[in-house]
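Colleague: A single structure is presented below for examination.
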Amino acid sequence: MSTDLDRPRLGSLFTRGHELPTAPARGEITLRARGLVVERRGGSGPARRVLDQVDFAVAAGEIVALVGPNGAGKSTLLAALAGELTPAAGGVELDGHPLTHWSPLDMARRRAVLPQTHTVGFPFTAREVVAMGRAPWVRTPRADHDDDLIAAAMAAADVTHLAGRAFPTLSGGECARVALARVLAQDTPTLLLDEPTAALDLGHQEAVLRLAADRARDGAAVVVVLHDLGIAAAYADRVAVLDSGRVAADGPPRAVLTTDLLTRVYQHPVEVLDHPVTGAQLVLPVRN
């Protein structure tokens, strides 16, 4: 039988851990993996290690690009950082605490995740999909800014004109931009973006990375999975090269994106050179 003495304790179960996050100081690590091991089983065979003792961190105010060949573990690492996979060993910390410390609501207020695929089971409009990014802030003072943040996110992702369109009727690129707007509207200190440029044309690819750079300049921590090494060189503060589930190199683009390393990791001859006019770093496959 419950008594009045139980009520404060029961109430704390519903409120514990739901404090609103504060903006991290520039340079403060928001997300860290230590000794991360992720395994997957296929059928009755032994487990396959897809991440092997990975150490990784991202700090407020920087963009870190995850690059590497297909199957290297980029998306798996992003999913583990997001708390969507249970590691076999090691762990992930968000804002200084293990992911298990946070409720799903608390994590949604601290990091936003853009997956590779964008599916919605009902014919919500594009604006309604973007508004889903504000769900973690319901019944908080930050909900007062919902309309402004939704409008700003849609403008930034160039989807304002799609506001009334049903999400399932949009093209692949339009769906990707609406999904990005949802992540922007969520307004979290950490952004995890899995191949945000994959379905986009050249102009929108550049626009998306400029948005990520703007968020980092404003103090967000951004992790982005990319296949285009030239875009990674142009926009990332750091590049982590994954190879067979391990981090082969992690550092500034010019230190990491070298001919020798990329040729070895991608198992194809690669040429790294500077643009003759702008000096920008270019990464090109060697073609006969």
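A Cβ is built for glycine as well, from the same backbone N, Cα and C atoms used for every other residue.
Straight from Swiss-Prot, here's the annotation block:
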type	residues	note
DOMAIN	31-269	domain 'ABC transporter'
BINDING	G68, P69, N70, G71, A72, G73, K74, S75	ATP binding site
Colleague: Calculate the per-residue pLDDT averaged over the domain 'ABC transporter' (31-269) and state the result as an integer.
Modeller: 95
Colleague: Out of these binding-site residues, G68, P69, G71, G73, which one has the fewest other C-beta atoms within 10 Å of its own C-beta?
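Modeller: Selected from the binding-site residues G68, P69, G71, G73 on minimum Cβ neighbours within 10 Å: G71.
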Colleague: Would you list, in sequence order, the residues of this chain other than G68, P69, N70, G71, A72, G73, K74, S75 that have their CB within 8 A of the centroid of the site's CB atoms, where the site is the one recorded for ATP?
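Modeller: Neighbours found: T76, L242.
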Colleague: Run through the Cβ atoms and count how many others sit within 10 Å of the one on S75 (ATP binding site).
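Modeller: S75 (ATP binding site) is surrounded by 18 other Cβ atoms within 10 Å.
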Colleague: Provide the number of Cβ atoms within 10 Å of the Cβ of A72 (ATP binding site), excluding the reference atom itself.
Modeller: 23
Colleague: Please list, in sequence order, the residues in the chain of K74 (ATP binding site) that are at least six apart in sequence and whose C-beta is under 8 Å away from its C-beta.
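Modeller: The list for K74 (ATP binding site) reads L66, V67, G68, V225, L242, given in order along the sequence.
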Colleague: What's the number of neighbouring CB atoms sitting within 10 A of the CB on N70 (ATP binding site)?
Modeller: 8
